[in-house]
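**Student:** Copied straight from TrEMBL:
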type	residues	note
DOMAIN	14-199	domain 'Aminopeptidase N-like N-terminal'
DOMAIN	234-455	domain 'Peptidase M1 membrane alanine aminopeptidase'
BINDING	HIS311, HIS315, GLU334	Zn(2+) binding site
ACT_SITE	GLU312	active site, proton acceptor
SITE	TYR397	site 'Transition state stabilizer'
DOMAIN	542-856	domain 'ERAP1-like C-terminal'
Amino acid sequence: MKAKNPYLLPDNVVPSHYNIRLRPDLKKFVFHGEESVEIEIKEAVSKIVLHAVELEIDPDSVLLHYRGNALRPKSVRKNKKMETLVLEFHEMLLPGKASLQICFSGELNDQMHGFYRTWYELEKDKKTWGAATQFESTDARRCFPCWDEPAKKAAFELGITVPKDYTAIFNTDPGHINNLGNGYKEVYFPKTPVMSTYLVAIIVAHLKCIEDKDKNGVSHRVWAIPGKEEHGRFALARSIAAVEFYEKKTGISYKGIATNSPKLDMIACPDFASGAMENLGAVTYRETAALIDPKNYTAAARERVAEVVEHENAHMWFGDLVTMKWWNGLWLNEGFATFMSHCAMHDEFPEWDVWTGFVAEDFRSALHLDSLKNSHPIEIDVKNPEEIREIFDEITYAKGSVVNRMCEQYLGEDFWKGLAAYLKRFSYKNADTIDLWQALEEASGKPVRDIMARYTKQPGYPVVKARIKNYNNDGDGREFANIELSQKRFLADGSRDKENLFWKIPISTKANSGKLFRACDGELLLGKSAFVFRRYTAENWWIKLNPGQSGFYRVAYSDELWNRLAEGVKRGELSEADRIGLLDDSLALAKAGYMKTSQALDMIAAQKNNKEFDGNVWSVIISNLGAIDHILDENGKKLLAKFVRDMLWPAARKLGWNKKPDEKHTDTLLRSSVIMSLGKYGSQATVEEAQIAFENLTKGKPMNPDLKGVIYSLVAENGDEKIFNELVKLYDTTDDAREKERIQIAMGRFQGEEMIKKVIEFSLSPAVRKQDWFRIMVMLGYNPKAKLIAWNFLKENWDDFHKKYKGNLTLLVRALEGVTSGFTDEENLSDIKKFFRAHPLKEAKRTMKQVVETIETNIKWRKRSLEEIKNWLAKQ
């Protein structure tokens, strides 16, 4: 029996309705508030325990209105470790309804969590201050005392006093506004639907909006700092399209979810630590995730905004309407929102080839992280805030979405029937993963839980070994191959799984005849024991397991099966998703020692014979070549650079530098990757073309927006102090957050110790927002000439950084991971281990172990394959 989580609040008192009053002071960066909370006492108690942290509580203000009496507690205590407020009363409180009144105050912090301050400019070089909230996962307690757990759902009502020229936004639209006559107004918002505390949103700033309505008459708005609101047109359209798509797929209208005040606001916040936050009716975003300059947009920006908006809107159903009971079920929110966003994007933009992009990005990302021994199950026991924050990772988001797609492919239309039943059954309630499996089993009649639970409760995933056991003939004389399949857990370093985990794998196959055998068409289910199936052979035959990459596993083929697939690739017989699967599996298997790295390079070279330059496939080729480059010595890098140039020139000639009328979305994205790679790997002509384009830009001539980021990066990589100063000038003169992001990325490309130090100084200057510093550090970590300087700087100034980011260590952890993961030598590994031991981070225990494991795996791979890679490259 599991021990009870000591961080969970008792269930003997639960809230049903909060009436909150707040008065933020945007000059002193503090706020004052009071609340009245309707509660139900479920069993006799003498203490009421709720959450509060970094709040000053006025003990004389605490009153319990109970059975016609106003009771004052005999003690009001804060427990800093447990982040709780304990109210102890003189008498036993019997079951029944009551109302709790508390006055409190706190700081508008600069950590981008809780209730925090944010700045923007209405006039050049003059800061104006506003306030915003970010409560997920456990930070509502920093704004008002509350039962800050997802299962403690309640309705929320707000009154907030703000300067009269400010806009206040909440989960519902304003009910009425009182002008106070002293330059302030009090804005009252009616109560929300029943929801969790982490979904409450409060924004106070100078904002303007654009608005449109969906087919049910619900208002969708994009709010931004004045002058930027028109940049929200694309996001506004995506919001409406996404909601209408989700309504069709689930049978539940958004208007029915957001009762009382149905609207969907999207607020672009100047300071925001994550990408976006799915607060019911008031979704908050980084500016780069919601705004696109209609005169200066890129294909990548459109895709990014579409994905984020459709992800957040999916949460209105998955997370807001139906919420996990506890944070171990976070994947029910994030895994579904990621999966559903791709469904919505595919529906709206089929020409984007979203599902192949999903395989190239989310699927691969999940496989890479989950191959580490220091991965974790999707459903993992978490107790305290530090442990909860650490699971907002690619296992929860990417693996969660892959598991959903795998289940959808296995069940077909029954998946959607079961999903609709699950949402209806648990509307405004909380659910566990087992509740989802039950709904899907009822709809499909298939053993969903028996198959899928292993993918959520176990860490890792299997590698399926496929080999030809023998050949035979049937009664008609037709030859067939008996193919044996077996499985084991795949680990990135090739080590043996000590737990001997196994999965029940729905196996799909595809042959070069075009015949597709899907898992949902039969019962080809691979378990702990190996099994054999037959496939008829013919001239140039091949067989591909996991067609379309819908199953969460890798495949290690015997040499004969592998060589047949490689020939099929050369003949252009495999789909883009299958080619990505072969590319990714081969490199991962080579790293782990299942096959030679030269075989992975053969698979890359095989793509060259395919004249179709698919953007998703070639992005994976470029990624794989970058991974190989990572472990090479100087001689090997020169050999690789020549191979990359030869490999990419045909694609470069086809794509050119200028966008063609009606070209594919993926071609537009690929052009940037190809040009960047050619410049990086020594094409002087490419670098010179980029330098000319940049010089023209500084003279006021227009530049293709899709190539801006690449051009900035190439001129920085080959630039001096003059280029640095030009980039800083561009940074200082733009108010476009996306343009600033391009320059931040480019800054990490500079070479030479003096230039790198200038970049680090720039990253710490007031010009760079606190939310963006990590990006520059990560890019320096990717830069072979800069990573050691960046690492030494981070070490030497660790205490200062820790103090600066102490309230929200997520960004510091991302910088630390980015700067350290790129090393491939024993000396720096030893240094990193020593540093991690001396500076443990509760919020990053697993991340630190993953960094060390990644470096160790790359060192083993380098020792095993360096000479083999160089010999292969020398023959090309």
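Even glycines carry a Cβ here, placed using N, Cα and C.
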**Student:** Quick one: which of these recorded positions, HIS311, GLU312, HIS315, GLU334, have their CA within 10 A of TYR397 (site 'Transition state stabilizer')?
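**Tutor:** Of HIS311, GLU312, HIS315, GLU334, within range: GLU334.
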**Student:** Determine, for the Zn(2+) site, the additional residues of the same chain whose CB lies within 8 Å of the mean position of the CB atoms of HIS311, HIS315, GLU334; present them in sequence order.
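**Tutor:** Here the nearby residues are GLU278, GLU312, ALA314, PHE318, GLY319, ASN333, PHE336, ALA337, THR338, MET340, SER341, TYR397.
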**Student:** So for GLU334 (Zn(2+) binding site), how many other CB atoms are inside 10 Å of its CB?
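**Tutor:** There are 26 of them.
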**Student:** Among all the protein chains here, how many other CB atoms are within 10 A of the CB of HIS311 (Zn(2+) binding site)?
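**Tutor:** Other Cβ atoms within 10 Å of HIS311 (Zn(2+) binding site): 28.
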**Student:** Along the domain 'ERAP1-like C-terminal' (542-856), what average pLDDT does this model show?
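**Tutor:** Averaging the confidence scores along the domain 'ERAP1-like C-terminal' (542-856) gives 95.
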**Student:** Taking the Cβ of the residue listed as 'active site, proton acceptor' as the reference point, list residues of the same chain whose Cβ is under 8 angstroms away and which are at least six residues distant in sequence.
**Tutor:** MET266, ALA276, MET277, GLU278, VAL283, TYR285, ALA337
**Student:** Among all the protein chains here, how many other CB atoms are within 10 A of the CB of TYR397 (site 'Transition state stabilizer')?
**Tutor:** 23
